[in-house]
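These come from Swiss-Prot:
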- 21-36: transmembrane segment (TRANSMEM)
- 101-115: transmembrane segment (TRANSMEM)
- 140-156: transmembrane segment (TRANSMEM)
- 203-218: transmembrane segment (TRANSMEM)
- 237-252: transmembrane segment (TRANSMEM)
- 457-472: transmembrane segment (TRANSMEM)
Amino acid sequence: MGLPWYRVHTVVLNDPGRLLAVHIMHTALVSGWAGSMALYELAVFDPSDPVLDPMWRQGMFVIPFMTRLGITNSWGGWSITGGTITNPGIWSYEGVAGAHIVFSGLCFLAAIWHWVYWDLQIFCDERTGKPSLDLPKIFGIHLFLSGLACFGFGAFHVTGLYGPGIWVSDPYGLTGKVQSVNPAWGVEGFDPFVPGGIASHHIAAGTLGILAGLFHLSVRPPQRLYKGLRMGNIETVLSSSIAAVFFAAFVVAGTMWYGSATTPIELFGPTRYQWDQGYFQQEIYRRVGAGLAENKSLSDVWSKIPEKLAFYDYIGNNPAKGGLFRAGSMDNGDGIAVGWLGHPIFRDKEGRELFVRRMPTFFETFPVVLVDGDGIVRADVPFRRAESKYSVEQVGVTVEFYGGELDGVSYSDPATVKKYARRAQLGEIFELDRATLKSDGVFRSSPRGWFTFGHASFALLFFFGHIWHGARTLFRDVFAGIDPDLDAQVEFGAFQKLGDPTTKRQVV
């Protein structure tokens, strides 16, 4: 039978044993990829600076997912939060990777066994002696088991009752750690940034899944519904499964891109909207304002700003700045961050404090414009010097740094002032090492961007797959040219008027 490549799955259409085999093999491939990818990432990951060179800057993709579920230690003696450890235990990063690879091998062997021994008694219909699957019962079994797993995850793993808990952090991604979470049963549980909602929703959804599974195991579908939804056709299962997968993919693409308690910024990097809304900048200025209200000096209050918070307020960490087809980690783009130079404050010769307008997300170049506290333009770096009125030289702009490596240093040289004004467009100013990785200076996206793009793309593809297979199973008889009234239509003289079923001849 010469099947084209896009129809090869036809061979398992009426073969339950080998249908099971190919699904087990698929699980083996997925699990094997996850374990292998984890080992590769651990081989290239540098845990030495969790503040300025975190996992998301290094382009780690599977390590963040392990970390948010409670894995923080490595057999290499390091912890993701910094420092060294002596007893990481079996459930370290390497332990999880190894477990996936072992599981992959077992699934591989099981798939081969089920491929060879495909003609099992369990798949045989006693009445007909032909291979058959009781799909409604299988649906009930899967619903019950997945509900059990969902409930167990929410009630035991997340709450810490039997498990480590999950990664929980503050709104600014500064104090993150793995901890147990109490379920949030009030309206606050519907806030996507409240970790307690993860526990309560898994418990609730798991309970519903268990009850629904038991219902489908004990109640048979009505005949009309069974036939109407084509419940006896395996392609119905394929269509509805694809629907579940694409719906989940759309949901997680949204929670990843817009941010939620399930996608902490310490593990996946900031969202683009935190740059667009000046989220971290506002918090920095709030802290500075609070310090100044206590009569502390500018140098003191800016020195108290956590380097981690300042680093979030840098456009190079915006996932929307990197092109989708620019391969490599963020570190391969603008370089490895070495240190915060401090916060630059610009002043004109009249002593007014000036603020550099920040570059919007979707600009590659942007004019350097300095405004005062009222938003009035006071200085710029002109495109045409002959017509300039507000150039740094004419206005006499100076810059002084507070906090960071250049604390207390000031510059009045126009070339230096303009250099730092340009860099201030990109947020807080950092020293970046571009030599180590031969970084090219072109911004890259973070794993947050890759995950969103991948899942949104596949969700769209799977949506069309759902429509395709759903239509095939619902209209299978029509596509095959089989119509319930076909025999009556072609019978000579069946209708008084050819093809008009309302004029059926009466038998005398």
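For all residues, glycine too, the Cβ spot is worked out from N, Cα and C.
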Contacting positions for the transmembrane segment (203-218) when only residues 6+ beyond its ends and CB under 8 Å are counted: 136-137, 139-155, 183
Long-range environment of the transmembrane segment (140-156) - Cβ separation under 8 angstroms, sequence gap at least 6: 162-163, 183, 198-218
Close approaches to the transmembrane segment (237-252) from elsewhere in its chain (Cβ under 8 angstroms; 6 or more beyond its ends): 135, 139, 451, 455-456, 458-463, 465-466, 469-470, 472-473
